[in-house]
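Student: So TrEMBL has the following annotated:
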DOMAIN    27-168  domain 'ABC-2 type transporter transmembrane'
DOMAIN    505-721  domain 'ABC-2 type transporter transmembrane'
TRANSMEM  20-38  transmembrane segment
TRANSMEM  547-567  transmembrane segment
TRANSMEM  588-612  transmembrane segment
TRANSMEM  618-636  transmembrane segment
TRANSMEM  648-665  transmembrane segment
TRANSMEM  702-723  transmembrane segment
Amino acid sequence: MSKLFSLIRRDFRHVINNVIALVVCVGMIVIPCFYAWFNIYSAWDPYGNTGELKVALANADEGYKTKLMHANINIGERMVSDLQGSDKVDYVVTTKDKALEGVRSGEYYAAIVFPKDFSADMMTVLSKSVRHAKVIYAVNEKKNAIGTIVTGKVSTAVQNSIDQSFDQSLTEVLAGVLSDLSGTLTDEETLNLVTRLDSILGDGAQDLRDVAASVDSYQALVSSTGSLLENSDAMLSSAAKSGNGTGDLMRTTSSGVRKLDTAVDGATTSINDALQKSASTFDDVKGAIDAAYATAGGSTQKLRGALADVKAEVDARDANLRDFQSKLNGTDTIATQWEQSLGKNGDPVTVQRVSELKLTIDGLGDRVTKAIQDLDDLSNGIQSTIDDIDRSRGDADASKAELEALAERAKGSVTGVQASYEQGLRGSLGRLADTIDGAASDADALVGKFSSTMADVSDTTSGTLRGLSKIEGDLGTTSKKLRDGASKLDSMRGTVKAAIDSGDMQTIRTILSAGPTSLAEFVSSPVQTDRVAIYPVANNGSAMAPFYTTLAIWVGGVVLCALVRCNPSEAAMRETGAKPRHAYFGRLTFFLIIGFMQSSLVLLGDLFFIRIQCLHPWLFLLCGWFASLVFVNIIFSLTAAFGDVGKAIAVLLMVIQVAGSGGTFPPQMLPKAFQAVYPFLPFVHAEKAMRCAIAGLYGADFWVAMGRLALFLVPSLLLGLLLRKPVVRLNHWIEEKIESTKLM
């Protein structure tokens, strides 16, 4: 660290002890501030001086005349008179030919010419064949790019002014004509005219009411839309709340299935043992039948007793099967309820498993029913044999064969029940429970997404409802104004009609001559726009300050690297004993200190000399200082790594950023190539932070911009410390070739 400080002290000592070097350093510190200040001051309020732009006005309008009315309507003359009173542009009234020639020669930036049929075309609005009136607008686009844009705005303003004043001019002229006519027409002509006026007023009032009815319909539609949104929001919220318990409900169902499976599985051992025992019992039954006939020795009492024992065993097996059938029927009922509750909209895998379970239970139930029937047949056969013995009739051998056949058939049925139970039902409930568990997990994920979506939908719905409420209120206000207008027309019509009915011509003439100017103002009633500035900026110079200040700081870094060596001399390295890393950081520190002085002078001059608007001056200073640190690091690392080529790259980066950083035009207006590189330009983030300091903060925008600007330190340090080493020899070779020309 001591070697680093030794190198820094040596650099400043050499500058202070050398007058020329000191003057050059002062120049490097001062030059960037002039670049920023002159540009900011020149752009301070250019649009406030548009009154110096000369625009020619020429009126060739011949006006509009009618055979019925002795009135000459000249809209072009009125427009020239109105525009002459404007101080936004220096309007010069001349002829058409001189105006166009003046634009070609450069005497005027633009010319506005009202053609001879301008008023006639404007008045076609009262006829069936409407023609759009045209104004000739000529502009000298060669003279100045910005001047062309400004005068283009003038043409738009003229068009708006024509549209705005046409109704007023037309109404005022027509009202004046009516006033003049009231003194020249005969009583009969006046009465006819007023009768037509009465009809027009009635139609106008009805038209206003029709429009008001349409507005009311729209208001009702908006109200219905709002109610629909409220109901939809409530329904979706309810669905979300219901969905929140879906996973738990399915897990409860799964738990119930597992309990049923455990119960059935617990019963499996006893049932399976019972079924196996039943199957083996039938072997014993056959043996017992054989033994009964063999040991009876003709004794009917012994045979009867032996067969009674066999029947008791068969009846016991029959009771076991009936108990199993009852449990199976209960399981079948539960499976049917699941199948109905899932319906067609349930999870396909779960529906399939339940369906398979129900089919298994139904099949097993059929086998159990058949087995019970066979056992009943066997029991009835034994009982029939016993009855025959009691009645001392029947063939013993035939009875024996029949009983053995019945026992064999019963054994087959019971064995089938056991196989179906083992292979079908057993385990199906466990698999069903696993499926329901999986469906419950999927339901939880789905409900989570649905809840998140519902939150967004609810926010959007709330905003939409507020907007609809405002629209509904505005429509109600509009409807009221339209109905008030209709009422006013009705009132005017009532006055006219009363005069017509009374036949008082003096009253009629008084109505026709009343207030043409006030009537014209009432008809035109232009809409006014209230402009509300968010983050207001006092002038154009303050708005451009972030761009020119950022550019000046970069220019300072370029000038610094152009005049000061990035690598210390070998004598300096030997004198201080510094190593390459010491040399890099030592000279970088010198650059950063000079850059800090440059940026401080620029920033303080912006605030206290140019006096730009700045709501947060300390943040403005912090942003400028940090921008200087980043920019100097970038330019220094390029120059240290690539020498003169690095300086050229720094200038190229400056040119790209001047065009593509959005300092003069919004980035959306730039070509696609500049829009693509826009986020990766250091100027962009420095300008954003400065705008926050100048016009006002929004959230953490200032610190986000500063953080993104800080990211550019990483590649610059990597280039300066690591990546420059492989290109050192190439850089030396390039410098030798350049110096060998004795020109550069």
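Glycine residues also receive a Cβ, built from the backbone N, Cα and C atoms like all the rest.
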Student: Using Cβ distances below 8 Å and needing 3 or more such pairs, separated by at least 6 in sequence, tell me whether the transmembrane segment (20-38) contacts the transmembrane segment (588-612).
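Tutor: Taking Cβ pairs at least 6 residues apart, the transmembrane segment (588-612) and the transmembrane segment (20-38) are in contact, with 3 or more under 8 Å.
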Student: Between the transmembrane segment (648-665) and the stretches 547-567, 588-612, 702-723, work out which stretch tops the count of Cβ pairs under 8 Å.
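Tutor: Top-ranked stretch among 547-567, 588-612, 702-723: 547-567.
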Student: Sequence-remote contacts (6 or more beyond its ends) of the transmembrane segment (547-567), Cβ cut-off under 8 Å?
Tutor: 24, 28-29, 31-33, 35-36, 39-40, 43, 583, 587, 590-591, 594-595, 598-599, 602-603, 606, 624, 627-628, 631-632, 634-636, 639-640, 646-647, 650-651, 654, 657-658, 661, 663-664, 683, 686-687, 690
